[in-house]
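Here is what TrEMBL says about this protein:
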- 199-441: domain 'ABC transporter' (DOMAIN)
- 537-558: transmembrane segment (TRANSMEM)
- 570-589: transmembrane segment (TRANSMEM)
- 609-639: transmembrane segment (TRANSMEM)
- 659-680: transmembrane segment (TRANSMEM)
- 687-707: transmembrane segment (TRANSMEM)
- 812-833: transmembrane segment (TRANSMEM)
Amino acid sequence: MSMLFRMVGSLSRTYEQSLAPVAIMIFNFIIYAGFAIPPDYQVPWLGWIRWINPIGYAYESLMINEFRNRKFPCSATVPSGPGYNPGNMDGKVCAAIGAVPGEDFVEGNNFLKAKYGYPLSHLWGNLGILFAMMAGFSQKSKGDVLLFRKEHFSRISIKDEESVEQFVHLEENGATPDSFSFEKKSRIIGGLQEQSSVFHWSDVSYDVKAGKENRRILHEVDGWVKPGTLTALMGATGAGKTTLLDVLADRKSVGIIRGDICIDGKTRNIGFQRKTGYVQQADIHLPTATVREALEFSALLRQSNSRSRVEKFAYVDTVLSMLNMESYADAVIGVPGRGLNIEQRKRLTIAVEMAARPEFLLFLDEPTSSLDSQTAWSICTLLRQLADNGQAILCTIHQPSTELFQIFDRLLLLGDGKTLYFGEIGCSASTVINYFEGAGASPYKEGQNPAEWVLRVTNTKSVDVGSIDWPSIWNSSPEKAAVADQLSEMALSAMKNTALPQGSERTPPHDEYAAPFLPQIYLVTCRIFQDYWRDPTYLYSKFAMCIGAALFNGLSFWMTSKDLQGLTNVLFSCFLLTVVFSTIDQQIIPRFLSGRALFEAREKQSKTYSWIAFVTANIIVEIVWQSFTSVLVFIAWYYPTGLWKNSDKSFSMTERAGLMFLLIWFFFVFISTLSQALAAGIEDAQTAVNVAQLLFSLCLIFCGILVQPKDLPNFWYFMYRGVPITYLVDGMVVAGLANTEVTCAPIEFLKISPPVNGTENCGQYMSSYLSVAGGRLLDPNAVDECLYCPIADTNSFLSGRGINVQDGWRDFGIFAAYVIFNIAATFLFYWLARVSKSKKV
């Protein structure tokens with residue numbers, strides 16, 4: 001089987017494409033292995049599958065190996081009870097296929113021949129066939145060829161031509177900090193959200209738990225960001241740049257934060273995150289959305305609810321124009337390598353935050369990371385343009401070039417979580433250079449990159465720097481005193497002015513989310529629907545797998561006969577219909593986790609919408625598609641099996657069909673809700689799938705089909721009553737078989753020879769047994785051989801398996817309760833695993 005899976009995988013381009021054919025293939029291998037349907041009962045138009053079925057060959061050899069030349073004592077004899085001699089087998093037969101009248105045992109060889117038609121000579125031959133299949137499949141999976149085609153480079157369209165030409169000119173002429181001064185001038189764009197609030201912080205410290213002690217990451221950091229300025233947050237690796245950015249942006253969920261972080265002297269409130277923009281280092285977006293749709297989604301959910309939809313969309317157009325994104329505004333985002341290029345994705349990340357119309361400021365975490373010099377220049381000139389249009393921007397950056405360093409207005413330099421410098425950069429970085437040279441740093445040499453020079457002279461781990469205590473120098477410097485005075489003035493000014501700043505939102509400041517709850521659910525649900533629709537591989541795979549399995553199931557159990565084997569076939573047909581769970585959950589769980597990753601990485605942190613809206617939308621979307629799938633599965637399976645023909649006055653055809661459809665519908669909803677419940681509470685997709693497979697395996701084992709309830713050990717009987725598949729299969733069987741007469745096939749009649757010296761016919765001889773056990777005689781007047789059918793109707797057959805034909809609707813109600821439980825568990829598990837743990841210490 002491993003080689004078979006490898007072969008199918010080598011023929012498929014994606015994981016989703018391989019799921020459907022493998023699932024249908026395994027499904028048919030199970031049906032035609034001989035266990036569910038013996039070879040003589042297999043339909044001719046699909047019976048050929050057993051000749052290419054490795055499971056079938058393995059099953060045949062295993063059965064021969066277990067039953068060959070063995071004798072099995074009878075567990076029950078016919079007739080038995082009062083009036084029949086228990087110690088004498090005359091006139092009796094074992095109640096098993098292959099039994100010989102008068103013998104108190106059944107030979108395994110006879111059972112194999114009568115039940116399956118398996119010749120004993122196939123024992124070792126099947127092993128050879130399996131080896132041949134393994135060799136053939138392994139060769140088929142070795143067809144990989146890596147072809148390098150001739151590349152045809154497309155012309156790159158650069159929108160910010162002025163910035164690029166300026167960059168190329170600088171590179172060609174070898175500009176230096178002394179000879180170059182970036183002219184901070186950008187075009188003014190009308191309609192951009194004006195910012196007038198000053199974001200400032202003082203004595204900010206951050207501690208995290210390290211074992212039993214607290215470890216300080218940030219040490220009393222001060223600073224501010226004013227509208228119209230671009231502030232760089234720099235430091236060596238591990239200096240605490242991103243940590244400080246997350247603390248200031250209110251994105252830390254663990255640890256202890258001390259100090260004052262204010263907007264115009266007022267402490268941040270619960271609505272702070274949605275009123276700021278945060279551009280992450282990773283460009284995380286929904287691949288199936290277009291650029292415009294990504295911005296509109298952010299605008300609809302993050303802008304003030306007091307603004308109309310038209311105003312929000314108009315602002316999206318403003319952002320697209322401002323960032324020079326009109327040419328690819330309707331392009332699908334895609335994934336790296338297939339879709340937008342690196343610069344376009346970075347611009348989109350910034351645009352999504354700008355579309356939210358941040359009231360306070362914009363945070364950026366290393367926007368030039370992993371970018372080439374030309375793209376980095378383009379992104380930084382874009383930030384300069386935003387700052388010149390009134391935006392307040394705080395940006396972490398690691399070792400910028402000379403040209404990029406000149407774009408920033410102010411610098412906050414960190415070392416091991418401590419402030420080394422905060423202030424103006426100055427023309428050609430003169431202010432920064434003068435400060436560090438005056439504090440004892442090695443002289444700056446003309447032509448050096450000032451950013452690299454600053455990082456080098458403040459690196460206390462370097463042997464060339466010496467043992468200068470830069471944090472102490474800063475704390476005792478007049479520049480630090482000036483910063484403290486300025487922060488005090490900001491605090492005093494805020495106390496005098498309590499009016500709302502110009503351009504502030506009319507939404508109550510303490511609202512955590514801009515959009516109400518129901519619009520959140522509506523917009524997120526629409527986006528997920530659109531995501532599914534634009535990813536047809538997922539839906540095609542789901543439909544092909546479910547409908548294919550149902551259709552093959554229905555055709556394999558075509559118009560099931562009303563004999564003993566036919567009843568068993570119906571049981572297995574209902575049972576096998578549930579096997580699609582093991583494949584569908586492998587689709588739903590990774591899908592849910594990919595959406596959760598996007599939500600938690602960006603949208604949760606920015607307060608775009610709540611986690612309840614996220615979970616609700618995912619449940620709704622999957623229920624809709626699962627419902628559509630269940631309709632097709634019901635049609636493809638129910639009518640070919642012929643169960644619709646079984647009806648009587650007490651249980652009409654319409655009621656049976658309605659009950660059967662509701663059970664199938666809720667089963668598919670059960671699959672999605674259980675899969676999402678496990679995905680909500682488990683971090684890793686593979687672990688969640690494994691847990692789902694384990695739970696489903698337990699359901700299959702203890703649902704009463706593979707092992708009848710009466711045969712279960714007493715300890716495990718609670719599992720039969722506890723697993724939901726029990727009620728599903730019981731309800732389906734009742735809907736399909738209740739109140740139907742049974743006629744045994746010739747091979748199913750038990751052959752009983754009455755005592756030789758008796759004068760009774762078969763009816764008289766068996767009357768006492770029939771009155772207790774039921775069943776039917778083919779010819780009650782026969783005297784030589786009595787042909788006895790153990791079952792007269794389906795109700796007695798089902799009763800023997802612990803199924804009450806009056807409990808069909810009760811079983812549906814119980815199973816529906818499991819679905820409701822799954823939905824509640826999804827919210828509960830998500831809260832326990834993702835929300836309760838994120839509360840601040």
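Heads up, the Cβ atoms here are built off N, Cα and C, so glycines get one too.
Per-residue pLDDT, averaged across the domain 'ABC transporter' (199-441), gives 90. Among residues of the same chain six or more beyond the transmembrane segment (687-707), those with a C-beta under 8 A of the stretch's C-beta atoms are 571-572, 575, 578-579, 581-582, 585-586, 589-590, 593, 674-675, 678-679, 716, 719-720, 722-726, 728-730, 801-803. Taking pairs at least six residues apart, the transmembrane segment (537-558) and the transmembrane segment (812-833) share fewer than three Cβ pairs below 8 Å and do not count as touching.
For the transmembrane segment (570-589), the list of distant contacts is 16, 19, 22-23, 27, 30-31, 36-37, 538, 541-542, 545-546, 549-550, 553-554, 556-557, 560, 622, 633, 637, 641, 643, 664, 667-668, 671-672, 674-676, 678-679, 685, 688-689, 692-693, 696, 699-700, 703, 705-706, 725, 728-729, 732-733, 736-737, 801: same-chain residues at least six beyond its ends, Cβ to Cβ under 8 Å.
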